[in-house]
Structures are given as C-alpha cells and as structure tokens.
Amino acid sequence: MAAQTAPELAKLDLNKNSGSAEANVVSNGGSDKDDAENEGDSDDDKDEAGGSAEVNTEKKKKKKRSKKKKKAAKVQSSPPRIPLTTLFPNNAFPEGEIVEYLNDNSYRTTNEEKRHLDRMNNDFLTEYRQAAEIHRQVRQYAQKELIKPGATLTDIAEGIEDGVRHLTGHMGLEEGDSLIAGMGFPTGLNINHCAAHYSPNAGNKVVLQHGDVMKVDFGVHVNGRIVDSAFTVAFDPVFDPLLTAVKEATNTGIKEAGIDVRMSDIGAAIQETMESYELEINGTSYPIKAVRNLNGHTIGQYEIHGGVNGKSVPIVKGGDQTKMEEGETYAIETFGSTGKGYVRDDMETSHYAKVPNAPSVPLRLSSAKNLYSLINKNFGTLPFCRRYLDRLGQEKYLLGLNNLVSSGLVDAYPPLCDVKGSYTAQFEHTILLRPNVKEVISRGDDY
C-alpha cells in the first residue's frame, strides 16, 4: 500500500540532481502398514527342521515383496484452494530472503544475545512466513492464469482474493473471521497513469488491454501480521525499461535498509537508481522519475501504515534523518513514472480503513452506526474496499460510509494518479528488521 508524502516535503525541488515460483511440494511421510501374512505351509512328510527353514525362507520372500506405498505429494491446486497449513502441517513455512547486516551491524549475525532475542520471536516469524507464502502462491497463480489481456479487473481482483481466503482457511463471511487471517490490503489494480489505491467497485466493467501497464498490490495477514507486496505487469516489451527501473530501485531500497540507517540515505539511493533509466515510446524518450509524494512505510499489527508512530521511507533525496530501528517491519515500495512524478487524488474511491484510536464521535445516522459496528467486528483497522461490504450483504451503505469519513472515524484512500497519458510502475516487498538478520519476507522467484 502506498503512503503519501506530506505536501510540504513533496514540493521540494528535486530536479537539480532514482519463496518460490511454484507451490512447495510437501510429502506427508505417511506410510502404510505391512500387510504380509505369515502363511508358511507345513509338510508332514518333511522333517521339522526342514519345514521350519522353508517357512522362514517364504517369510523373507514375502517381506521383500511387501513395499511401503508412497502417498502422492501434495501440491497447491489451480486455482489455489488448499489451505497452506495442509501443505505445511508442521507450520514450517519457507523463510524469506535472509540478508546479513553489514558494516557496524555485522556483529549482529553471530551475537548470541541477538540470536536469543530472535528465537523469542518464533510465533511472529511463523505468522509472517505463512502470510508471505500465501502471497507468493496466489500472486504466481494470478500471473499465470488471471492477468491476461481481455480479463476484467473484477475477475482478477476476486480471483486473487478468493485464493487468499482459501489458503488462510478463513473465508471472512462469519463475524470476526477476517480478523483471524485473510486479506491484509484490498487488491489494487492500477492501470497506466494510476499509481495506487484503485480497486474495481461493484459494476466495474474495465477490461485489461495489451498496451496497459498494471500495478498489482495486495496484502495478506495472519493474526494481523500483514505482508504487503506489489508487482507490475506489462505485455508490451517497450515498457521493460520502466519495470526494470522500478524493480531495481526497490531492490536498492531493500539493500540500503537496516538498523540505524537514515531514511534520507535510503531515499537518495532509490532515486539515483530509478532515474538512471529512461523509456522510449515511438521514438520519443521519457525520463523515468521517482514519484516524490509516495513512500514506503512501517507496518504494525493490523495497521498497514504502522500506527501513530509509523515512519515513512522516501523514494527521493531530501528526506528526514529518522533512523530505522531493530524489530520494525517495513514495506519498501517504489514508484516510477513517465509523467510529472507527482500523484493526486482522482477517480472513484474504493479503499477505506478505520482510523486507529479515533475519538468517540456521536453518529446521528443509524446507517453509519450500523456500518461502523460491522467494520469494527469484521475488519478492525485492516483496510477494506466496497466489494468487501457487498460480500457481507450490505446495501445502500454509501451515505453511512461517507458520514463515517466526514466524522473522522474512517479514512478514505482515493486512487492516486499522475497526469493522463503517462505510465507508472510499482514494486514492493515487506522486510523484517530482525535482531540478527534482515529478512525480505515476501521475496519470491518472480521478483
């Protein structure tokens, strides 16, 4: 999910100087019991010793013939419908990419105290790794089967979200079920100049075209541990430099991130990488600009933007001197554009989230009161979109929803767009700043 830069920072003059491709195969190791029977026939005409030897020989032969039957290895279905805990019955979910700390923090890798602190976070890591593996399996299915020219955005979004719900084992139709595990951020399908926060509302008929550049941004959570990750799809190779620039910029941000690293240093490195690329369309070259008012961000439990003490990770130089700290979780995301490199609110809103720790506000509309109660019980502070309300059987809720927004109880996140005619791209990963190593929890073979 994109975090916006404060307006005063966005206005800075920046022109002077940017696991696993397939579902893991798991053998359950189950074995069938030997069914061999001891059938040694006695021969009255033979002596006892000879008969015994013959029986023993027959037993050995039968034992050799009786082989253990192997159960078929379990793999994820297509579409993904097998809960991840079935594929990983011992909850031994795959690690993300493990990166050792460098320079002044290199001691953390072998420091016994730091390793002990890390081992204390076992439940935290298990929940994050489960969410990350679900994200990998669903997104790789989406890339192969859902995201194609001619597909509707609604079909793509619902295909992704259905996969996430099945793999978590929580369909979210019962009160509170979505809070156990499920969608951590609604599926954003942002086309061309639209950079973030666009998801199809009910009745949307938009069809993906061959010449489109689409950002796919969604989150998965287990017990509020949100994995926020995004990628960009383009079918025309003319857009490859744009995708490469943004992917490399994100990887630069991940490489630079670490304990005690200043946000300003990360932003400068990201911008330098991204803006070393350009895109040529029909003989015209377009410099690729970092979108200066979009940022990465901390992630808190059940809070996509890390709560009141959340931090932002700029993608341009000139940011503040705030440092990253041990134990924090970050979404490192970058956006590149062939336009102005600045986004504004545009189009119909689909994304919303309850404001954490909002003050008590008297609500006069009964529709707003009822809707707020439903949001609390089903989403808490997790972001949601209008389709999720439709799915829960809500009708004619817009008046109440707008009242909650105007009352300061719910935040609306309109789509964020650069100028029309431009193209934008996004790549994003979630990283954990563990005491002894940095883990890129959402890393996969795809990006």
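Cβ atoms here come from the backbone N, Cα and C positions, even for glycine.
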### Task
Quick one: which of D228, D418 does Swiss-Prot put in the divalent metal cation 1 site with D217, E428?
D228
## Note on the structure
Per Swiss-Prot: divalent metal cation 2 is bound by D228, E333, E428, and from H170, H193, H197, H297 the site also lists H297
### Message
Near H305 (substrate binding site) in space, meaning Cα within 10 angstroms, which of the binding-site residues do we find among D217, H297, E333, E428?
### Response
H297
### Query
Near H197 (substrate binding site), which binding-site residues out of D217, D228, H297 have their CA within 10 Å?
D217
### Query
Hey, how far is H297 (divalent metal cation 2 binding site) from D228 (divalent metal cation 1 binding site), Cα to Cα, in Å?
10
